[in-house]
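Lifted from TrEMBL, the feature list:
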type     : residues : note
TRANSMEM : 6-27     : transmembrane segment
TRANSMEM : 48-69    : transmembrane segment
TRANSMEM : 81-103   : transmembrane segment
TRANSMEM : 124-147  : transmembrane segment
TRANSMEM : 159-182  : transmembrane segment
TRANSMEM : 189-207  : transmembrane segment
TRANSMEM : 237-254  : transmembrane segment
TRANSMEM : 275-298  : transmembrane segment
TRANSMEM : 318-344  : transmembrane segment
TRANSMEM : 379-398  : transmembrane segment
TRANSMEM : 433-456  : transmembrane segment
TRANSMEM : 476-501  : transmembrane segment
Amino acid sequence: MNVPGLAAMVAFYLLVLGIGIWASVRAKRARERTQENRTEYTLLGNRGISLAVGIFTMTATFVGGGFITGLTEAVYTPTMGLTWAVMPVTGALSFIVGGLFFAKKMRERKYVTMMDPFQHKYGKTISGILSVALLISDIIWVTGTLIGLGSTMSIILDVPYSVCIWLSAAVAIIYTLLGGLYSVAYTDIIQLILIFCSLWLCVPFVLMSPYTEEITKTAHTFIYQTPWSGSINKQNVWIWIDNFLLLCLGNLGYQDFHQRTLSSSSSSTARITCFIAAPMIFVLGIPPVLIGAAAVSTNWTMTDYGSPSPYERGEAGLVLPIALQYLTPSFISIVGIGAIAAAVMSSTDSALLSAASIFTSNIYKNILRTKAPETELQWIIRITVVLVGLVGTSLSFLSNSVLLFWILGSSITYTIMFPQLVCILFCEVSNGYGCIMGVVTVLLLKVLSGEPALGLSPLFYYPGCPIVNGTYVQCAPVQTICMFCGCIATLMFSCIAHTLFSKKVIPGEWDVFKVQLCCAVLSHDIVQGTSKCTVHVRIHNTFTNKYMFNIFVLGGRSFRHDHFKSSSNTEKV
């Protein structure tokens, strides 16, 4: 057992736990002074996260254990290489796209979670189904991040894999329970600083190892294994495009991203946070790439690790901790563990809080217990954090490949959540019927196309895909095809449903999702020197005749579309 390394890790965990406890106390005092909603304080920090803190927590959320270890694994694996290690680029682009199109729109509407627009427009049933999909993606995220830490600590500290996993998960769960988003955000600051400093400190030692050739030579020349630069050919170019779009746009389907923008102090702060975090995630992706390139350039026979190489032993997913253990001095490898531990915890706590937000706000409060008091909701948040942590940690024993869980989680958010989020935010015609058909279309296509990660053989063969040794090789951009088809199906069936109910082809009594119940068009005429505004509302009631009326609002009162869910509600207003 590496006693100095273990002592260093205990010290790091105590530091993070101390910061988390301090942040929770600070949040509690602030909440008592303002008497604001406790649930919103826990989940969104009372929408008071500053620009500086927001940048740190946004970056740290996505620079997790899966990001660092998965990036190194991709560069090291002979069949992939640098060309396929696109996570830094896709992460940066996803922040830019999110800042341009999503951050301002969602922050100005003051949503609590990314599921709120679905709850308002599609109702409880559909939003509940989509919320379950998000919960699964967050659990997979927890699993992928913990694998990176467990493998690293078990190799370098010579501590059982299970002990490392459970200890790290326990620390993240505890401080997430105590302070909610405040604890997560402030611990992200120290974690991101440690990630940056530790990784860049390890890189020179790995590159200057006596057993490692210059990475510039091995980038394009076969010395110990296939060059680490990687390549793309006509056969796999569509797969590369598919993975690139999946990792880029899939991030926008995670609640973790939107929780950071929704907690910002303003919509402009939310956008600036995304734009500044984009180059930071790219810079933090450079050290894992260099370590992966050094692993390709190493003569493992000359090291204490011996022969065969990690790839030949089936340990490509563990190449980062192996490189730190055998290519650097012991004290440097301990520093490397600190970087990975910080990265893992910064992502794990975000996924735990994200899952708790979705379940508490969109499932428990809006479906199961609509009149639940604040105290009860606080306990539900805590219970959800613990349960998601336990399930995600348990799944980490199924495989040691971080990339496997990364792709699975992103597949859910990219093919299901992202197209639905685009439709509900930017396509007014979308409705519940289209959403259901869009999700069904995606699931059907994914089953027919096969999923190698789950061992599902394809039943539908796309044209142009080869047969190698009697086995069909899926080279089509399956995930992107599913995403586009799901988006098209959503809009197409939404239009069909809207037309059928509008033209009375189908009786209004059959309109389960109330497509025509409320279509409000608000226009504000601000009268200079007064606080009066005119709101024109058009109600399409499937059970009564259409009627229009004007509401004159005095005193600067504001209206939301969910106030007009029924004619009775309108009359009360």
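Any Cβ shown, glycine's included, is placed from N, Cα and C.
Using the rule of three or more Cβ pairs under 8 Å, pairs at least 6 apart in sequence, the transmembrane segment (81-103) is not in contact with the transmembrane segment (189-207). Nonlocal intrachain contacts for the transmembrane segment (189-207), taken as residues 6+ away from its ends with a CB within less than 8 angstroms of a stretch CB, comprise 12, 15-16, 19, 53, 56-57, 59-60, 63, 68, 215, 283-284, 287-288, 290-291, 294, 323-324, 327-329, 332-333, 335-336, 338-339, 342-343, 345-346. A contact between the transmembrane segment (48-69) and the transmembrane segment (379-398) is absent, since fewer than 3 of their C-beta pairs, 6 or more residues apart, lie under 8 Å.
Proximity of the transmembrane segment (379-398) to the transmembrane segment (159-182) is established through 3 or more Cβ-Cβ distances under 8 Å for residue pairs spaced 6 or more apart.
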